[in-house]
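Notes to accompany the following structure.
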Amino acid sequence: MDKLLHWSIANAQGDKEAAAKAGAPDPKLLQQLFGGGPDEPALMRDAMAVIMNPEATVDNKLVAFDNFEMLIENLDNANNIENMRLWAPLISILESEEEQLRECALSVVGTAVQNNEKSQSNFLKHDGAMKKIIELARKDSESEQVRTKAFYALSNIVRHNKDASALFVDNGGLEIMAPVLKHQNTGEKMKIRALALLTSVLTSLSADEKFSDRIREDKILEASLEHLAPSANPYLIDRVLNLLVLMKGSGAKFDTDELSKIRKSFASLYPVKDQLNEDDYNAVKEMLG
């Protein structure tokens, strides 16, 4: 570093003799200090090359995925996935035999489209991609980690996007909700993700009474109400309360049995109300009269 300092001072002063005595600095050191290495799109391409290389080890592919995801947290880099034609290879990893790679691919998809309408639209250009993620979320044979990441990806794909939400519904997305919410062995995190996905769809589609009836018919409402209990995770309770508020706002009319169950379950939440979202709690309280 001292050598670099002497060289830079002499060079700035135009003292060729002093600069020569100091000696030329290490090019690698200059690159580290002042940049000039591979640009981020090139790093993205290199990472994907490792991921797609059949000779690369799984560990090396996981490192490449970590690097790729870190890069596409930047909005411009996320949008460059389409420009660099990297969506197709990324989506193909959803069918990898390696569970960890499927999980990483889902995580990258979810991060790339998060609050990014352009990347959402780019993802939707790929036929069958939505269906693949829905199936990963649906499969009981998949690990909890993969399924939870699938719900994460789906939530970010549909959020504030009417076309994506409609495609999700058309591909049978609503049918995966009730089984996840009812299954006793399903982790709380996945249930929270599932309800977050459902509320994103409801909001994006500006759901009407007919859509809310669909939620009832598919047993999603029934499965959700099972989690209105003081022993449940507060975040899970919040999601259910928010679902009720959204359904009411869409014009849904709850029947006598439903109102009775909601009222009884809601009353049991009083001891934990300070842990819950105040707005949704009060909105449901007002709804019940």
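Each Cβ is built from the backbone N, Cα and C atoms, and glycine gets one as well.
As recorded in Swiss-Prot, the features of this protein are as follows:
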REPEAT    13-56  repeat 'ARM 1'
REPEAT    75-114  repeat 'ARM 2'
REPEAT    118-159  repeat 'ARM 3'
REPEAT    162-203  repeat 'ARM 4'
REPEAT    222-267  repeat 'ARM 5'
Next on the checklist: Which sequence-distant residues neighbour the repeat 'ARM 4' (162-203)? Criterion: at least 6 residues beyond either end, Cβ under 8 Å.
Outcome noted: 120-121, 124, 130-131, 134, 137-138, 144, 147-148, 151-152, 154-155, 211, 214-215, 218-220, 222-224, 226-227, 232-233, 235-236, 239-240, 242-243, 246-247, 250
Item to check | Three-state composition of the repeat 'ARM 5' (222-267), taking helix and strand from DSSP | outcome: 32 helix, 0 strand, 14 coil
